[in-house]
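Peer 1: Feature annotation from Swiss-Prot assigns transit peptide to 1-45; the stated evidence is experimental evidence. Annotation source Swiss-Prot lists domain 'Radical SAM core' at 69-290. Per Swiss-Prot, the feature GTP binding site maps to ARG78, ARG128, THR159, LYS220, ARG322, LEU323, ARG324; the stated evidence is similarity to another entry. Marked as [4Fe-4S] cluster 1 binding site by Swiss-Prot on the basis of similarity to another entry: CYS85, CYS89, CYS92. Annotated S-adenosyl-L-methionine binding site per Swiss-Prot: TYR91, GLY132, SER183, MET254, in sequence order. Among the features that Swiss-Prot reports, [4Fe-4S] cluster 2 binding site is placed at CYS317, CYS320, CYS334.
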Amino acid sequence: MRRCFSKITDCHLGFKNSNFLLVGSEVGSGSVTRTITTTTSERLFSSSYAAHQVDQIKDNPVSDMLIDKFGRLHTYLRISLTERCNLRCQYCMPSEGVELTPKPQLLSQSEIVRLAGLFVSAGVNKIRLTGGEPTVRKDIEEICLQLSSLKGLKNLAITTNGITLAKKLPRLKECGLDSLNISLDTLVPAKFEFLTRRKGHDRVMKSIDTAIELGYNPVKVNCVIMRGLNDDEICDFVELTRDKPINVRFIEFMPFDGNVWNVKKLVPYAEVMDKVVKRFPSIKRMQDHPTETAKNFTIDGHCGSVSFITSMTEHFCAGCNRLRLLADGNFKVCLFGPSEVSLRDPLRSGADDEALREIIGAAVKRKKAAHAGMLDIAKTANRPMIHIGG
């Protein structure tokens, strides 16, 4: 298999946009020698991640509830606000739809804020709102306002399909929304309708432009690559970064209940990178943050950037700092793990903050070192993505 490799030119542990890893490509019979072995590379990562954790603890002392048995510090909470969505994306929701949790069983606004406050007081500094589609929740503006007011929270983000975002974004920004990711898997309107089973491509493009006009930089665009569906648009997506502050994020197709995952649909990172390198040979690897899930790149002359999220072929479990609170109040420590624990039930039974912290901490301590291989993941019972929120 043709692979693209990286050579470290600056091992500075601090994150700076000017620190790059040069990219070479193995194409055809030619090859590029990897300058750092996998073992050495893993040691460098482990060392930088450990150093990052020490800095984090010094800057913001955390409770033990956020540290798992492998020493990973979890400072990033993803909150699913709803299971409802105004699209029916093929990789996210089964064609027949999903059974929605009755509204009384979903977390209320006050419950979301209380639980989020527990995490932030313990050391979480970033919260991302997901769904379903988070913007279909009527009280999203008030939720953003209350969450952004939590002392210690540094970043409030949202992942959205962009269908209704353009008209809501000005107010969401006023309510403290710091950053956003917009999901878009094709630049072709007809293909958009096929992939999402709905119309609305023009509205998503408008939302991207609105975000740029409001000063969001970068505006992150999530693109799930699926063989035979949109892998012919990879370089077209990269072109979006030429004149606009857009960070295009190519995501490997992941298996979840109901999305008919097939390894043949998976376009691995190395293959995507080969296509990009051939078209944009000046692409350069940026120095990534120790807990970054993406491999980040810039291209000479481009205003934006390109990233790759390699959950299937090159997982990033060693530096995982993410936790998930689902719309029904279940707490999930791994995107690909089936294990969940309810925080809603003890909350509604009158549990105090200390009791809730104990439940959270115990779940975090049970987190595994890494998720299973992609073929095993495909066989594991898990929720549809629409229920998890990514």
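The count begins at 1 with the first shown residue.
Note: Cβ is positioned from N, Cα and C throughout, glycine not excepted.
Keep in mind it's a predicted model, so treat the numbers as computed, not measured.
Give me the lay of the land around each of these features.
Peer 2: Neighbour density for ARG78 (GTP binding site): within 10 A of its CB lie 21 other CB atoms from the protein chains shown.
DSSP gives CYS85 ([4Fe-4S] cluster 1 binding site) a coil state; it is part of no helix or strand.
Its Cβ taken as reference, SER183 (S-adenosyl-L-methionine binding site) is surrounded by 23 other Cβ atoms within 10 Å in the chains shown.
For CYS317 ([4Fe-4S] cluster 2 binding site), the count of additional Cβ atoms within 10 Å of its Cβ stands at 16 [all protein chains shown]. Secondary structure from DSSP puts CYS317 ([4Fe-4S] cluster 2 binding site) in a helix.
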Peer 1: Would you kindly give the Cα-Cα distance separating LYS220 (GTP binding site) and CYS320 ([4Fe-4S] cluster 2 binding site), rounded to the nearest Å?
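Peer 2: Spelling it out, the Cα of CYS320 ([4Fe-4S] cluster 2 binding site) and the Cα of LYS220 (GTP binding site) are 20 Å apart.
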Peer 1: In whole Å, note down how far the CA of CYS92 ([4Fe-4S] cluster 1 binding site) lies from the CA of LEU323 (GTP binding site).
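Peer 2: The separation of the Cα atoms works out to 19 Å.
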Peer 1: Which ones, of the binding-site residues CYS85, CYS89, CYS92, SER183, CYS334, have a Cα no more than 10 Å from the Cα of THR159 (GTP binding site)?
Peer 2: SER183
Peer 1: Say you check the Cα of CYS89 ([4Fe-4S] cluster 1 binding site) against those of the binding-site residues ARG128, GLY132, LYS220, CYS317; which is nearest?
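Peer 2: For CYS89 ([4Fe-4S] cluster 1 binding site), the closest Cα among ARG128, GLY132, LYS220, CYS317 is found at GLY132.
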Peer 1: Taking CYS92 ([4Fe-4S] cluster 1 binding site) as the reference, which of ARG128, GLY132, SER183, LYS220, CYS317, ARG324 (the binding-site residues) have a CA within 10 A of its CA?
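Peer 2: Close binding-site residues: GLY132.
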Peer 1: Rounded to a whole number, what is the top Cα to Cα distance in Å among the residues the record ties to S-adenosyl-L-methionine, namely TYR91, GLY132, SER183, MET254?
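Peer 2: If we measure all Cα pairs in TYR91, GLY132, SER183, MET254, the largest is 17 Å.
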Peer 1: Work through the binding-site residues one by one (TYR91, SER183, MET254, CYS317) and name whichever has its CA nearest to the CA of LYS220 (GTP binding site).
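Peer 2: Among TYR91, SER183, MET254, CYS317, SER183.
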